[in-house]
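Heads up: the structure comes next, in structure tokens.
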Amino acid sequence: MSDERIRQIAFYGKGGIGKSTTSQNTLAAMAEMGKRILIVGCDPKADSTRLILHCKAQTTVLHLAAEKGAVEDLELEEVVINGFRNIRCVESGGPEPGVGCAGRGIITAINFLEENGAYQDLDFVSYDVLGDVVCGGFAMPIREGKAQEIYIVTSGEMMAMFAANNISRGILKYAHSGGVRLGGLICNSRKTDREWDLISELARRISTQMIHFVPRDNIVQHAELRRMTVNEYAPDSNQANEYRTLATKIIDNEFMAVPTPLEMDELEELLIEFGILESDEQVKQLTETDKAAKESEKKQEDAEGEA
């Protein structure tokens, strides 16, 4: 199979939103349908493959390279581990917080995988990426034209929506140079008021779709405690069928958009309209977070310009 036919997708979302859980359950469902999948974990926590491999955390490329002396000394079989339904799994890894560039592991891992033929005979490559904003090394799958379809995991909570809007801003930045597109928002429900309507409206306003609404179900946590996906732990459950539905929607998805992220006042208006943003303190929190995010993006742009 040629590289041109491989669909390269990425899951982004606010920390703690359930991005890795949602992506692994969805990819497990896709594998059940016969799709050949490689997961590339792009989070220093190395938790992007644990439900597929039934382990606490897969040993990362950077850790293995440090043990061997250099990434060039590694064999592909040491890095890529097969899990549930023969899903191939890799964790890029990263340094301790505050020490070095966490995105460097992503760059190192992807280059190693490409050079050693890891992308052969695949239908999907999935990048599970840390970050409330798309910047630095964490933008690498987008910036370098690796991931072509982005799915943002969000919910009806204020900061999750703020992060989704920020991520769409990052996608827009690279849309014309790298060809990346937003495939849709995945609402990982937190059972907030009018959540379905709110995320559907957010999706409409940023020119995308809510590709699926994943209901909240305790069976997800029960499966996680056993380090399993719901599809493996309870294959006949309603929740497993929800992930199968989402998997089918992604497989069939042809709605790839260049997003139109909201300005801060537009996002505030939406949140006020749905009763999410009520107090002056909440408005202040959102404004300060937006300012910090933009300052972070500006610093990264300056650093990229100097590189």
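Placement of Cβ uses the backbone N, Cα and C atoms for every residue, glycine included.
For G13, K14, G15, G16, I17, G18, K19, S20, the entry in Swiss-Prot reads ATP binding site. Taking all protein chains in view, 24 other C-beta atoms sit within 10 angstroms of the C-beta of S20 (ATP binding site).
Summarising the annotation, Swiss-Prot assigns [4Fe-4S] cluster binding site to C101, C135.
Residues or ranges marked as ADP-ribosylarginine in Swiss-Prot (evidence: similarity to another entry): R104. A helical conformation is recorded for R104 (ADP-ribosylarginine) in the three-state DSSP classification.
According to Swiss-Prot, the feature region 'Disordered' maps to 285-307.
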Inset, instruction - Fewest other Cβ atoms within 10 Å: which of the recorded positions K14, K19, R104 wins that one? Let me know. - result: R104
Legend entry - G13, G15, G16, G18 as binding-site residues, winner by CB count within 10 A: G13
Legend entry - Inter-residue Cα distance where the pair is G13 (ATP binding site) and R104 (ADP-ribosylarginine), in Å: 20
Inset, instruction - Indicate whether S20 (ATP binding site) is helix, strand or coil by DSSP. - result: helix
Inset, instruction - Please work out the number of neighbouring Cβ atoms within 10 Å of the Cβ of I17 (ATP binding site), leaving out its own Cβ. - result: 23
Legend entry - Three-class DSSP secondary structure - G13 (ATP binding site): strand
Inset, instruction - List the other residues in this chain whose Cβ sits within 8 Å of the Cβ centroid of the ATP site residues G13, K14, G15, G16, I17, G18, K19, S20, in sequence order. - result: V153, A160, N188
